[in-house]
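Asker: Below is the structure I would like to discuss, written out as structure tokens.
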Amino acid sequence: MSKSTAIIFLVTALSYFLFSPSPKPHNYYYYHTLFLSPSFSDNASIALNLRTLTRRPHIAGSAANAEAAAHVLSAFTSSSSLKPRVVSYKVSLTYPVHRSLSLTPTKESSSSSKPPIAFSLEQAHLGDNPHADEVTPTFHGYAKSGDVSGPAAYANYGRVEDFAAGANVSGAVVVARYGKIYRGDIVRNAYEAGAVGVVIYTDERDYGGGGEEECFPAGRWMPPSGVQVGTVYNGLGDPTTPGWASVDGCERLSEEDVELRGDSPGIPSLPISAADAEVILKTVDGGVGPGPGVLNLSYVGKTVIAKIENVIGVIEGEEEPDRYVIIGNHRDAWTFGAVDPNSGTAVLLEIAQRLDKLQKRGWKPRRTIILCNWDAEEYALIGSTEWVEENREMLASRAVAYLNADCAVSGPGFRASATPQLDDLIKQAAKEVMDPDNTTQTIYESWIGSSNFGVMGRLGGGGSDYASFVQHVGVPAVDMLFGGGYPVYHSMYDDFTWMEKFGDPMFQRHVAIASVLGLVALRLADDEFLPFNYTSYASELKKNAEDLEKEKLVGHGIDVSPLIKSIQDLSTAAEKINIEKEEGVKGALRVREVNDRLMMAERALTDRDGLSGRSWYKHLVYGPSKYDDYGSKSFPGVDDAIDNAKRVKTKASWEHVQHEIWRVSRAIRHASLVLKGELR
């Protein structure tokens, strides 16, 4: 071949690649419809998987949790389409060694002198579960060891405003109820208010009023002796490897260095039952105190480096194998975990089973689908966080979206949270699936007719495994479920019997959530153009900015016009790329380029320096509140700065608020440029 002939050949080949139509797609609509067909769903299989997973309590690091991992791996292996593997990490976990709590009433708090009351701190066994004795004694993950005594003081939900409005708790042992903020923030707020210890209980009233009574009628409640356990660590991931993965031979902080970082609790804490809390509060003057009753709290924990196991399954994409649609759920539980998290695990296995059936019918995804079963979520979202930190660069360049199922089913009523460009896709999927509790309506119709009117939640909180994807890397994400708050949360009564009697007797809600979540995954994996709509994002941010200005910035001389202008630019860019999708573009490379802009726009909302004082959190639009890890905040850096300025009341503090507004404005402008695909 002559040199000129070779050049002509190369030019012709390149022109074909650039301008030829995209490869002829499979009939994806046929396969998506098939995925939803009754013949593909199996509520009996879901029930069997859930029963197997919840047979024993399976806290992270335990032999029982390793057995649960083996079950998930076996289910993935039985699917001919999946390429399963186990990804292990060695991480720092804590377990209780000793704990005690006693109350010393005083003459002022009782009609006659009484001896100290020692609380058992144990939960009454119900039914005939043969493995109830295997439940780990009630404790708080990563709680500080120590012996403390002080007058009892009631602090309501343990929020900053509760301490500000209540009694002086300096030197007191605080009694607070769970229900409004993350328990780790309750402990931190108490510590900053001067308390020496904290006990936290669950109040039935927080699940009993209004619409919740419809979901949880009498008979579904946790008994008064029930105790809700959980973690009190205020960071994400292994505390000894902040920002990097806990792989073999990695750098690891000492326990002293971990404590100095400030995410570990500063005072001891214990979870207690509502019955014990009632006894304590009877010795508190005026319902608030402090005292005269005195609490004596002792806790000793042990820290171990334990092996955790993420189980991963991969279905490789045919046309774009380097683009990842990730579906995840965690497996570990504080006790039996029928709702949290193994309703989600059963849903994940149901989706895997249906995808296997699709492949046997000839379906091949356009993009790669990755199924992930995380470990040690309950301690600090550890399994997912370590995996994200280890694969950060790959995910930043290749992840299309992350779809999460945690407490997938706890009762009736569909709920969803997402980054806003996925709102329309979730609604479209919900229109394709019938409501398991009202078969005359679709899930979407029931959702918009419910008490929350189809409101979409956001993912700024740190409540589940989407956090690392959204807040650290900037990956679009979804979290969805049936139900909501439920009365046996994180207690030993969250078992298969409760699910079978109350949560989902026929396991049809599990089938439905698998259908919606799976259809969202299929659309993301198979659609020629990614089904993202950034006009929804711009509309959401516009409302957030207006609320910020009206509710928090009036009278402080803060200029929000840079933020408003950047959101207008985002809206214009979103409309432009929507038109490109509607009109169509020619050539596989051009389709890929449009999709890359849609995928990478979310990444542009992150900042390498992260939030001020919380650098691990990179997303400037969605992140947790500084004083409530569960609280989803829009513009979290701005919100933190406003809270600080209102507290210290200096000119410099309000100038910092303005700086944070400029920071988020620049991030939104960067997202606009990415969507436009143009260099300045």
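Placed from the backbone N, Cα and C atoms, the Cβ positions cover glycine too.
So TrEMBL lists these for the protein:
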SIGNAL    1-15  signal peptide
DOMAIN    150-228  domain 'PA'
DOMAIN    310-497  domain 'Peptidase M28'
DOMAIN    558-675  domain 'Transferrin receptor-like dimerisation'
Asker: In the predicted model, what is the mean pLDDT computed over the domain 'Transferrin receptor-like dimerisation' (558-675)?
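Answerer: Mean pLDDT across the domain 'Transferrin receptor-like dimerisation' (558-675) comes out at 94.
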Asker: What is the three-state DSSP composition of the domain 'Transferrin receptor-like dimerisation' (558-675), stated as helix, strand and coil residue counts?
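Answerer: Computed counts for the domain 'Transferrin receptor-like dimerisation' (558-675) are 77 helix, 15 strand, 26 coil.
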Asker: With DSSP as the reference, give the number of residues of the domain 'PA' (150-228) in helix, strand and coil.
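Answerer: When I sort the residues of the domain 'PA' (150-228) into the three classes, I find 24 helix, 17 strand, 38 coil.
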